[in-house]
Amino acid sequence: MSTLHATASSGHISTTISDNSGNDLLEKLADEPSTATSESFPPDGGRIAWLTLAGAWMVQFCTFGYLNAFGVYQDFYTREFLSHETPSSISWIGSLQLFLMYAPAVVVGRAFDAGYFRHVQLAGSLLHVFSIFMLSLTTPERYYQVLLAQGVGVGLGAGMLFLPSLSVVSHHFRRRRALATGIAVSGASCGGVLFPIMLNQLFANPKMGFANGVRASGALVAVLLTAANAIMRTRSPSKRHGFLPVSHWKHAKRILVDHAYTTSVVGAFCTNLGLFVPFFYLQLFAADHGVNATITTYILAILNAGSTLGRVLPVALANRLGVYNMLLFSILMSAVLIFALFGATSVGSVITVAVLFGFSSGAYVSLVPPLLGMLCTNHSELGLRMGLAFSVVGVSMLIGTPIFGVLLNTDTSGVVLVWWKALVFAGVRHTLASVRYPTADVRRLYSPLVVPRNPLALGRFGHLPLLPAGMHCGRGPVYGHLPSPVHAARPTVEFER
């Protein structure tokens, strides 16, 4: 394998990357001008950056946060609104939402890279709010109405909003990108705390009921998305290029033969087959095992409260402990906690599993975007890499929870829910993912070289790319980033065999 070394006058700095990344870097050296401007790099702060982060938080609150409350709908539909349908059939509604939130990501990501951020956000906001209000007009035992309004409409609306709101954060933050991403996705956990409480209380209130409860949640979503669209800004060039240029397909081919990237995507596919099972079924699990009714009502809020901390704390530590290290830990922890549900039949044990699983799953979700950013060789391909990965992962979200529902409904009487087969399925999926991730190109994942748009201006970049703890960059281990800027002359680039 070829290795690339960047050598500066202030000391020797060496980082190994894959052949694909090396080829991309050589092309960039030939194509880019030798002088970088400060506008080429994220400012890592400022009023516009923090306002954009606040807007991204609101979008996550209204999209992923709203979908995190589907466990309330799953329980309500199973027991009352769609009582003639099986749990598996009902879970298709929620899994279709998740699929459509992720599957269009390759198209949405390309639109983001092409400079259509504002257009996509506005269209997604309108569709998302419209679909929630259409859900309030559905009637009991009309499965197709709920599937179209909530599964298709809400899912597509969330899909148009979700990825751009994460990607735009990378336009404004560089060294603190992982932390900023964690703050943004914590909005999903906060939404997952508020919406389950709100919907449970409104559905149980005779004066409100299902229809008015859904409308109230839709009104809150409309207000927040309006504010988010008003304050978010992108730093992409104002001049838009073709939506599908030849270079797009060229980049896509290179990405698809990148072993570290494809192996990570396969691991994410396995993880997401079981990741959202507790979000869909934990409230039903608690009710079926005779847990206190009050605790059952708030169990999803408790789960998402744990997720809030999980989406911020691990990514704050990732700069020192390594994104990849934290990601593996979160997957293994999630697998253990799913198996722990076998013994979680009391109030205390259910709450404990809910809090800890919320923490581990929140950490996983927030660490995936920084991991994909580590694998980028060019800032302009971030949307494409995230889009391709999210589209593949969307398929696992589509089929994972319905498979769990089929296994759950295997009792011959059709009355008793059989949990052990379903829990084994979800736990094994996580375990396989934790085995699959380490088969990636470890040198690439543990020592990433994120090349700025002008690699020759590395000395002016201020800091080397973030590296996990314990990795050697020249002399001594690097923890997060070098303690002082690199005041170096232009580095020379050479290949060694």
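Placement of Cβ uses the backbone N, Cα and C atoms for every residue, glycine included.
Source: prediction; values computed, not measured.
If you look up TrEMBL, you'll see 260-497 marked as domain 'Major facilitator superfamily (MFS) profile'. The transmembrane segment feature in TrEMBL is assigned to 48-69, 89-108, 120-137, 143-166, 178-198, 210-231, 260-281, 293-313, 325-344, 350-375, 387-408, 414-435.
In this chain, the transmembrane segment (293-313) does not touch the transmembrane segment (414-435); fewer than three CB pairs sit within less than 8 A of each other, excluding pairs fewer than 6 residues apart. Of the ranges 143-166, 260-281, 293-313, 325-344, the one with the most Cβ pairs under 8 Å to the transmembrane segment (387-408) is 260-281. Same-chain residues lying 6+ beyond the ends of the transmembrane segment (178-198) with a Cβ under 8 Å from its Cβ atoms: 53, 56-66, 68-69, 71-72, 165-166, 169-170, 172, 213, 216-217, 220, 279, 283, 297-298, 300-301, 303-305, 307-308, 310-312, 314-316, 318-319, 323, 358, 362, 365-367, 369-370, 466. Touching of the transmembrane segment (120-137) and the transmembrane segment (325-344) is ruled out by the presence of fewer than three CB pairs under 8 A, sequence neighbours closer than 6 excluded. Of the two recorded stretches, the transmembrane segment (325-344) does not lie close to the transmembrane segment (143-166), with fewer than three CB pairs under 8 Å once pairs fewer than 6 apart in sequence are set aside. Panel annotation: around the transmembrane segment (210-231), residues 51-52, 54-56, 58-59, 61-62, 66, 76, 81, 118, 121-122, 125, 128-129, 132-133, 135-137, 161, 165, 195, 198-199, 202-203 of the same chain, lying at least six beyond its termini, place a Cβ under 8 Å from a Cβ of the stretch. Contacts between the transmembrane segment (89-108) and the transmembrane segment (260-281): present, as 3 or more C-beta pairs lie under 8 angstroms, all at sequence separation of six or more. When each of 143-166, 293-313, 350-375 is scored by its Cβ pairs under 8 Å to the transmembrane segment (260-281), the top-ranked stretch turns out to be 350-375.
If one looks beyond the transmembrane segment (350-375) by at least 6 residues along the same chain, the residues whose Cβ comes under 8 Å of a Cβ in the stretch are 166, 170, 177-178, 181-182, 185-186, 188-189, 258, 260-261, 264, 268, 271, 275, 278-279, 282, 285-286, 289, 291, 295, 299, 302-315, 318, 323-324, 326-327, 329-331, 333-334, 337-338, 340-341, 344, 382, 385-386, 389, 444-445, 448, 450, 465-466.
Taken together, the residues in the domain 'Major facilitator superfamily (MFS) profile' (260-497) have a mean pLDDT of 70 on the 0 to 100 scale.
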